[in-house]
Amino acid sequence: MKLLMLCREPRLYSCQRLKEAAKHQGHEMDILDPNHCFLKLSQNPPHFQIFYQENSESKPYLLPDYDAVLPRFGTTSTQMGCSVLQHFEGKGTFCLNSSQAFLNARDKWKSLQLLLKAGVPVPNSLFSGGEVQAHATIPHISSPTILKTLNGSQGIGVILAEKPQSAVSIMEAFKQTNISMLQQDFIEEAGNADIRCFVMGDQVVATMQRIGQNGEFRANCHRGGKTEKITLSDEEKQIAIQATKAIGLDVAGVDLIRSKNGLLVLEVNASPGLEMIEKTSGIDIAAEIIDYIEINAFINSR
């Protein structure tokens, strides 16, 4: 197969592992930055064309047809990356995670709405319009409070407000810069730990527990969190699979937290990193992803 990965940083561990796995299984993979693409729509065939410009001095060239596309772009490239994905979808190419599912996952508030609508348990959450005064929301959420920007990643844009007045001050400051935030219950009984599940289709292929270090409430590995193996019950695995389906994703990293009221889904990531979960679980997730693409690209082509 001829595969394409959409990624701004081809040297990242996840990108390199996927390229190695594809090569090992006899496939060719290109890695291209979606921000170097330009898209053409035409009434006459071919209706969907994608051109690529390597640099400011080079002449754009028409991209060939691919058997499958793997989106691995970050939050700053969401708009263009999803536009490129939509173009490939228009061409009938199999995309591992659709453009709409990617957009669902990248909007934290929309994803919470989709999760709860599908019956997936999530923390109590609030999102308010720009004309709502921050102090008016405080009686409706517990304290301490978690504050999150709508499209952050790797723990960036996540703040713990210990007291109600702190939450008000932080929200008012962010409002001045036109940055919207959602409020969420802080699950104190979980301490500084959460769980990352790697879901592929109808299966949880790997899990790990992440533990924040040195008083850091965020357990993200990018924030220095430690990881260790963890075993989930069948019920907990089903919640992770259900969350992935609710967002519309084929492959996802689902973040879970154990509360006194049961398991809660914190977030569903459309482009989860492979490094720490592969090293912690000992599972070759990159190879599993290529296997999944082989099967589903074949089904898509029939």
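We number each residue from 1, going along the chain as drawn.
Glycine residues also receive a Cβ, built from the backbone N, Cα and C atoms like all the rest.
What Swiss-Prot lists as domain 'ATP-grasp' is 112-294. The ATP binding site annotation in Swiss-Prot covers Lys148, Asp185, Phe186, Asp194, Arg218, Ala219, Asn220, and the record cites sequence analysis as its basis. As annotated by Swiss-Prot, Mn(2+) 1 binding site applies to Asp255, Glu267, with the evidence given as sequence analysis. Swiss-Prot lists Asp255, Glu267 with the feature Mg(2+) 1 binding site. According to Swiss-Prot, the feature Mn(2+) 2 binding site maps to Glu267, Asn269, an assignment based on sequence analysis. For Glu267, Asn269, the entry in Swiss-Prot reads Mg(2+) 2 binding site.
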Rounded distance in angstrom between the Cα atoms of Lys148 (ATP binding site) and Glu267 (Mn(2+) 1 binding site): 11
For Glu267 (Mn(2+) 1 binding site): intrachain residues, at least 6 apart, with Cβ closer than 8 Å: Lys108, Ser111, Val254, Asp255
Distance from Asp194 (ATP binding site) back to Asn269 (Mn(2+) 2 binding site), taken between C-alpha atoms, in Å: 14
Lowest local Cβ density (other Cβ within 10 Å) among binding-site residues: Asp185, Asp194, Asp255: Asp185
Taken over the domain 'ATP-grasp' (112-294), the model's mean pLDDT: 90
Structural state of Phe186 (ATP binding site), classified by DSSP into three states: coil
